[in-house]
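One structure below.
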Amino acid sequence: MPGTLIIITAPSGAGKTTLVSGLLERDPQVNLSVSYTTREPRPGERDGREYHFVDVATFRALRDRGEFLEWAEVHGNYYATSKVWLKQQIATGRDILLEIDWQGAQQVRKSFPDAVGVFILPPSLEELEARLRGRGTDSDDVIMRRLLGARGEMRHVGEFDYVILNNDLQCALDDLVAVVRASRLRYANQHERHLQYFDFLEQD
């Protein structure tokens, strides 16, 4: 039985990384897809865990060989998803969580139309700016660029199946866990899990 692909998208600073970490702790059936990126690692990040950190030349070589399912440039850095790895994981029944931007989500859904799309919103742009400044890792120019990008990203919220407003971290995490559980109860998934039972029910 194939697994479920869950796409998580959010503007930088909306709390996506924290929510994803919480989901992985609460639901051991979910596995995180590790994307490729050319950005510098943040404090505490490790190559192969949060991302595969590569230089631009390596990224372009992988892209040109057709290794990526999708790729995008965000805030001057490249991000991409491994095509072969993702298809193998889904085929073997694993639920995979993919953290990508809205552009990447559009590309992925061409290959995985049944993927579940979740968009995480900050409570306001003012709160988003406060969170970005609270990180203490970005310059004012980078923060302003991220805020401008966030407004553009949030215009695509209507392209997603579920929207979570991250005003309270625990409530937002509960919502995300509920979305993942609900995705497993869709007809197509339940039919695959209980094929004989459903075939019996659908007999004339």
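Every residue gets a Cβ built from N, Cα and C, even glycine.
Listed features, source Swiss-Prot:
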BINDING   A10, P11, S12, G13, A14, G15, K16, T17  ATP binding site
DOMAIN    3-181  domain 'Guanylate kinase-like'
What mean pLDDT does the predicted model reach across the domain 'Guanylate kinase-like' (3-181)?
90
Tell me the Cβ contacts of S12 (ATP binding site) under 8 Å, same chain only and six or more apart in sequence, or just say none.
H75, L132, R146, G149, A150
Neighbourhood of the ATP site (A10, P11, S12, G13, A14, G15, K16, T17): other residues with Cβ within 8 Å of the Cβ centroid, in order?
I120, P122, L128, R131, N166
Looking at Cβ-Cβ distances, which residues of the chain lie under 8 angstroms from T17 (ATP binding site) while being 6 or more apart from it?
E99
In sequence order, what residues of the same chain, 6+ apart, have a Cβ less than 8 Å from the Cβ of A14 (ATP binding site)?
I120, L121, P122, L128, R131, A150, N166
Restricting to the chain of G15 (ATP binding site) and a gap of 6 or more, list residues whose Cβ falls under 8 Å of its Cβ, or answer none.
I120, P122, R131, N166, L169, A172
